[in-house]
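K.L.:
Let me begin by handing over the structure; questions about it come next.
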Amino acid sequence: MALSTRLALPLHPVLAALRWAAPGQRRALSTPQGQGHKLDLGGIFPPLATPFSPMREVDYARLEGNLHRYASIPFRGLVVLGSNGEYPYLAPQERLEVVSCVRRALPRDRLLLAGSGCESTQATIQLTLSMAEAGADVALVVTPCYYRGAMTSAALVQHYTEVANASPIPVVLYSVPANTGLDLPLEAVVTLAQHPNILGIKDSSGDITRIGLMVHKTQQEDFQVLAGSASFLLASYALGASGGVCALANVLGAPLCQLDRLCREGHWQEARKLQHRLIEPNTAVTRRFGIPGLKKAMEWFGYYGGPCRAPLAPLSPPQVEELRGAFSANGWL
């Protein structure tokens, strides 16, 4: 991260609070047009799997081993404590230790995005502050969903506004309806895109029309859309997305970075061929077999996958063979 950008970050909450206060409470000072330069999220981010020992404790040595191998792949950065990191199964102290461990091993020119979304606004703010102290560059904030019936656009805008106002690091919205049962409404995204401390959104819906509309309706803002899956990465780039947070990058990071490069250079035929080969294995490690499938596939490519925490169960032998078939049929094994 550029020094000028890092120096500007502590000002974001103050500027945000001034710009986003209630009209009667606003002071004369406002955020100047075009002030600063936000972080560039363009590129591929693997949402790291959290390695556990056979006793289901976080295995920090194995985590560092995986990070050492990922260092040779031209990722834009890493995501920790996302859905693929088994975030809900980690204790609060474990979450902070994982962020600190990754920060120590990660080159400073690579971004660290850390999940800090909780069910309450207060808890999200507190965890976001802790993530910043632990070394995160950006907070990835999933939609609160336990009371999803009450999560209207107005409620979600209020939630994210308070979090972004209080956060010392930029915020990326995170919509993953497969896990939360809740789509962050498009109108809420468009409103929040105007916030000076909200960088963009990771959208895992798979709705390419929605992704296109988000890019289109926020193009006047400094707002970046990240595809939340490798299966629709090329389509998202074609519509103007900046990058991707893709579970498959834990396994096939170099090919995904190659797809990113081909799209940026306009080599669409080559990109399409590569995208086709990635769809089936990506579906296998996400929608079909989930995190147990992702961790099993990691082992075939020289990474440590290891067990998941209960109640996530390991794959059965027939499932392992199905998973292997998804990779071998597309030339990866």
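Numbering starts at 1 and runs along the chain as displayed.
Quick reminder: no glycine exception, Cβ is built from N, Cα and C everywhere.
Quick paste from TrEMBL:
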type	residues	note
ACT_SITE	Tyr174	active site, proton donor/acceptor
ACT_SITE	Lys202	active site, schiff-base intermediate with substrate
BINDING	Val245	pyruvate binding site
SIGNAL	1-16	signal peptide
K.L.:
Which is it, of Tyr174, Val245: the one of these recorded positions whose Cβ has the most other Cβ atoms within 10 Å?
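P.N.:
Result for the most crowded candidate: Val245.
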K.L.:
Are there any residues in the same chain, six or more apart in sequence, whose C-beta is under 8 angstroms from the C-beta of the residue listed as 'active site, schiff-base intermediate with substrate', and if so which?
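P.N.:
Listed in sequence order, they are Leu140, Val172, Leu173, Tyr174, Ser175, Val176, Leu226, Gly228, Val245.
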